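Summarising the annotation, TrEMBL assigns transmembrane segment to 12-32, 44-64, 84-105, 135-154, 160-183, 195-212, 232-252, 259-280, 286-305. Under the heading domain 'Sugar phosphate transporter', TrEMBL lists 17-302.
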Amino acid sequence: MEEGSLWHQWSMFRSLLSILQWWGFNVTVIIMNKWIFQKLDFKFPLSVSCVHFICSSIGAYIVIKVLKIKPLIVVDPEDRWRRIFPMSFVFCINIVLGNISLRYIPVSFMQTIKSFTPATTVVLQWLVWRKYFEWRIWASLVPIVGGILLTSITELSFNVFGFCAALFGCLATSTKTILAESLLHGYKFDSINTVYYMAPFATMILGLPAFLLEGNGILNWFEAHPSPWSALIIIFSSGVLAFCLNFSIFYVIHSTTAVTFNVAGNLKVAVAVLVSWMIFKNPISPMNAVGCGITLVGCTFYGYVRHMLSQQQPGTPRTPRNPRNKMELIPLVNDKLESKV
């Protein structure tokens, strides 16, 4: 009994530690990116994203090939172009839109809009794939949509371009999640192997546009900035931390349950909002804070409902009716991986 109690305490400590380090890396990357755009005046989101992809490619290679911490999931060469490349393209768009939105809107607003992803995922699957969802799923989306609307209406630093970038980023995240169910069928990817295969493709996709669209601006910034080399160290450090974030996701997924991961993910957004407000002092109205809170509560409730439905065995009575076919029994997305991106 004593050994069992010690093991339980160690498991709880390990879960808590994994969540804290995940929060730390996630919030640090977000704050550093905002600092790069706002304080360093490096207003080149394509190049920042490209630096992240390069650092992630190198980091994943070291972890898998050199240190051999994680075994490589072998993918056929044909599947790399037929399956991985389309996923990498959407993955690239998702990261770029997130960085573009950070340039124009506060972290608090951007993080709240990203919480809209469950709603866009459900709507896309319903419209495009004609997938059936129980009324409880639709009901759980109401506070998310309501909270987003309240936050957007009361946002004191509202920017249309930044808002649209964040919103389309949600669509890109949902598209990537949905495509993963079909394109990556048969491959059990973890976050490290995902980065190992997708980051090089994303670098290849984004490298030329970043050079053509932002190359001259970066040269002018380099000449005008009082200390460009120290600024470049911060920029590349954000890329290293972006890879560490993927490694921390791998750790937290294997150390927590799906429900814990969902709740921790929503609390992480609250932490990011609080820390960003303390650093950048962006104005937040009381109603704006209420809208953010409603959104996070809605996301937590949605995750709980989705998890409970995924645990139901085939043949279990459903409300208001039984599924029409076997496809309706498939969970919306992987219970623990949807929130990581």
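Using N, Cα and C of the backbone, Cβ positions are placed for all residues, glycine too.
On a predicted model such as this, the values are computed, not experimentally measured, just so you know.
Between the transmembrane segment (44-64) and the transmembrane segment (160-183), fewer than three CB pairs separated by 6 or more residues in sequence fall under 8 Å, so the two stretches do not touch.
Relative to the transmembrane segment (84-105), the listed stretch 160-183 leads the set 12-32, 135-154, 160-183, 232-252, 286-305 in CB pairs under 8 A. Ranking 12-32, 135-154, 195-212, 232-252 by CB pairs under 8 A with the transmembrane segment (286-305) puts 135-154 at the top. Proximity of the transmembrane segment (232-252) to the transmembrane segment (160-183) is not established, fewer than 3 Cβ-Cβ distances being under 8 Å for residue pairs spaced 6 or more apart.
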